[in-house]
């Protein structure tokens with residue numbers, strides 16, 4: 001019996017690993033067909049990330065919002081909800097943090113920085129709360145409502161910037177240094193990358209997700225509702241309230257992700273005509289990470305590495321960086337088809353035994 | 001003369017159970033043949049074999065004397081076999097006519113010919129006295145009407161052998177009378193009917209012959225004119241596993257549960273609990289006997305706060321808990337072993353340990369100021385696992401991977417350990433093996449001895465008879481009688497459950 | 001957008017008639033791609049498969065239309081090029097949607113997950129291919145043979161109605177409206193439509209009546225690709241004229257909103273698309289229109305999404321998705 005349990009765990013790990021391998025293999029096949037050298041391409045990715053401090057720094061920098069977005073998606077998944085609205089929550093958080101930093105620019109750093117970070121989280125929370133409320137009270141499916149909220153965020157943030165926080169270059173002014181997460185120390189350490197202190201926020205968030213879900217009574221409820229609304233109701237839990245709470249917390253993670261971009265990477269927010277892509281990437285990160293905090297970190301590292309290293313791949317092997325996006329898409333398809341992978345692996349092992 | 005349907009020596013196994021074991025069924029042309037047995041006796045499996053949804057492991061099927069192989073419902077339809085499903089296979093947003101013609105649409109120039117469809121449906125409806133309006137939407141018509149649409153679907157496809165799977169389970173008494181008239185008319189028009197049922201009343205009202213099955217085996221076949229309700233009831237129930245007998249003295253204490261003038265609606269807004277009164281005392285096991293679908297489920301859901309009460313009141317230990325939140329009712333002293341243990345009783349993807357505190361996780365000693373005390377939970381889980389003999393590798397194992405009996409033990413352990421004043425046990429032993437049944441029965445008796453009130457709902461008459469101190473018989477949402485188990489027997493109970501009061505009068 | 005009448009005399013003199021001659025053609029123009037794509041959404045969701053990959057399908061359609069129009073122009077097909085390109089885009093969209101069908105129907109992946117991946121794949125693949133074809137450039141050259149805004153012969157001469165509805169319009173807009181009616185007819189008046197809807201409402205019931213659930217759902221999904229491809233292509237040949245990473249920025253999701261706002265009904269989806277097109281047209285042209293120029297454009301831009309949310313709450317009549325929408329069908333499971 002114990003053996004059986006271990007086998008099941010192994011099987012669940014197998015799906016993401018096989019998906020990544022298949023995704024990379026498919027990418028290699030595409031490169032071969034077109035006439036690129038896949039070994040050179042992948043080699044340049046790996047070498048840049050691990051041997052060039054600048055790219056190492058940029059990878060970790062890219063991981064920060066990606067991990068937070070991944071946590072947002074994963075947290076909602078744990079409660080049985082599909083949050084496609086990370087993109088919008090992230091934008092809301094981004095703008096709120098930048099706006100807060102600019103408006104309260106006169107405050108000292110010890111107050112301004114935490115306040116701006118919190119403003120980002122709060123805006124994300126609001127953007128998650130609304131679909132949560134709509135789901136709990138009116139049974140509006142969160143997939144549709146969060147997509148709508150994304151666009152509302154896209155246009156609203158652009159409008160606010162244009163009318164209230166506009167400066168040359170289609171963007172907000174740069175935030176005061178007191179609110180900045182940027183660090184000359186980290187930049188020097190990584191030969192001028194944009195790595196900033198936000199990684200500490202990401203680490204705290206990873207621990208927070210784990211702690212909330214597995215160490216608090218609220219987390220217990222959230223997980224119970226996610227796995228079985230029926231049993232939760234039977235046990236006296238308030239299913240509606242947990243749905244709202246889940247999407248709100250999910251929104252906080254996403255909003256923090258936006259704040260990291262606003263206070264760390266860019267120090268301002270541009271008027272976006274399209275999405276950042278971080279929110280959608282977060283879905284991939286969460287799925288591949290099996291919706292666990294550690295998994296999100298690992299898959300966040302993978303995707304951040306691929307995206308950052310993709311740039312060197314483009315310059316060294318001549319492969320357009322879009323190939324990375326194709327590979328990520330394929331990995332999502334494979335992870336999503338986990339049922340087939342498990343089934344195929346089951347057949348293979350059974351045949352092996354016979 | 002050949003039979004309309006002859007199923008010979010059918011055997012069908014599922015992992016762990018033999019659902020049908022050497023069953024033979026012979027249905028004569030132009031008769032209504034009852035397939036009679038308790039829930040879980042194997043009736044539906046047998047009919048699903050006939051309709052091509054399952055393949056038999058052994059045995060042969062003959063249709064009108066010719067050997068037939070039925071691989072899927074399409075084959076069955078081609079052979080003239082039609083099924084009126086218990087859970088209707090109807091599309092709510094479609095009209096009656098659309099539902100009927102779906103898959104065999106009348107066409108004109110490649111387009112749907114709805115005018116023709118409506119005409120055909122009308123003609124069929126009139127011929128068999130079904131009285132349906134082809135243009136109404138399914139969601140707008142009554143359940144009885146919906147059932148007639150299901151009948152029309154089979155007639156439209158030219159079926160001459162109709163299977164009715166527990167057709168009266170969802171109907172009101174008047175609708176049942178109408179259905180019986182329809183079945184009689186169908187037979188007059190040359191159809192043969194198999195009626196799956198566990199209700200005696202129906203058999204005597206409309207069937208010509210009857211085949212009784214029990215625990216997957218053939219018991220007997222006979223003409224209805226040559227039998228009587230008492231014999232048939234005892235054939236259905238049979239002698240079963242010896243259950244633990246409630247031999248503790250009956251010393252009822254104060255009232256714990258008081259249900260008065262309770263009315264509850266089901267999902268379809270039909271009143272299924274009607275002005276029901278019931279009292280359970282401390283120190284007694286009150287068994288509710290009744291055929292499935294007479295309001296038992298809704299009654300206990302209302303008590304547990306999972307379903308809205310329309311009228312009346314529910315008191316536990318003197319405290320009015322009508323329409324209160326489930327958590328408040330639990331905190332007031334309710335323990336509840338639910339009917340569907342996998343859906344309601346457990347979070348299957350939680351560990352055994354987590355499941356042990358499903359209602360208490362937020363209270364001391366399992367939590368403090370909002371933080372779980374996992375060590376305490378683990379300790380408690382280990383203790384309960386040992387105390388209730390749950391066979392699991394560890395408290396970390398997912399509930400999903402336990403056997404049914406052990407899953408139920410987890411629930412019983414959790415509910416009993418909270419030491420509730422009132423314990424509701426809904427079908428607590430359904431589908432379990434003998435060992436687990438005995439164990440759970442023992443625990444229920446123990447609770448009674450501790451002075452708790454136990455409300456037991458079961459479709460197993462044996463279980464009710466052996467465990468209860470008093471038996472309340474529920475019929476159409478009312479308690480029609482309360483009997484002393486020592487002064488009654490299965491036959492009498494069977495009649496009561498079929499709605500006949502003592503002395504043979506109709507309820 | 002459009003060359004509206006110049007504002008020499010000042011906005012305050014502009015009459016309602018003049019306003020309409022700006023707004024209506026502009027609405028028809030922006031609505032056409034949405035109509036096609038949301039009709040694709042009707043097919044897939046009516047069959048029970050949620051497809052949030054409409055955005056990606058439009059991208060594939062727009063990309064295919066750009067590349068093939070350029071190729072056909074080069075081959076000397078002239079004005080016929082964009083029309084043939086739309087056909088190619090339809091085929092490409094259908095093939096691309098097949099991925100969603102295989103992954104979500106046969107492999108039973110979560111339909112939303114598969115749709116997200118489809119959008120990713122479309123965005124990556126199309127730009128990747130653009131770079132392959134056009135030597136590393138991130139966008140295609142501009143097509144020279146667009147489907148132009150024209151004055152429709154005869155009809156545009158009708159007083160009042162002519163200038164509003166038939167001047168400065170493209171044929172694709174009328175085609176879109178005509179196709180909506182055709183799709184309505186197919187879905188509600190043919191055996192195929194009845195079966196498609198039955199599979200989206202109650203697949204088990206359809207199965208017991210001998211309808212091949214899997215096949216119907218494949219057809220629904222592939223048709224969503226065909227229509228999404230057409231939608232993207234129309235967007236390209238009438239509005240943007242070249243394909244780059246931000247060509248299809250949210251049009252697919254807007255079409256999804258139109259589908260929901262239109263309550264999963266072809267005519268409803270068309271109406272919603274026209275309304276969303278109207279909102280977009282207003283947000284662009286409002287500066288030329290008295291009073292509206294004072295309204296923040298953000299209100300027009302977000303209106304489609306806010307209204308869709310309101311519709312979903314049920315305040316404006318219940319919007320109900322097909323019952324089995326998003327639920328994989330596994331035979332024998334009830």
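Every residue, even glycine, has its Cβ placed from backbone N, Cα and C.
A TrEMBL annotation is a machine prediction, not a hand-curated record.
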Transmembrane segment per TrEMBL - which of A:40-58, A:59-77: A:59-77
Contact between the transmembrane segment (A:278-303) and the transmembrane segment (A:110-130) (3 or more Cβ pairs under 8 Å, separation 6+): no
Range from A:12-39, A:59-77, A:110-130, A:243-266 with the greatest count of C-beta pairs under 8 A to the transmembrane segment (A:197-214): A:59-77
Intrachain neighbours beyond the transmembrane segment (A:243-266), with Cβ under 8 angstroms and 6 or more residues off its ends: 61, 64-66, 68-69, 71-73, 75-76, 78-79, 81, 83, 85-86, 89-98, 101, 113, 116-117, 119-129, 131-133, 135-136, 142, 175, 179-182, 194, 196-198, 201-202, 205, 209, 212, 218, 222, 225-226, 276, 278-279, 282
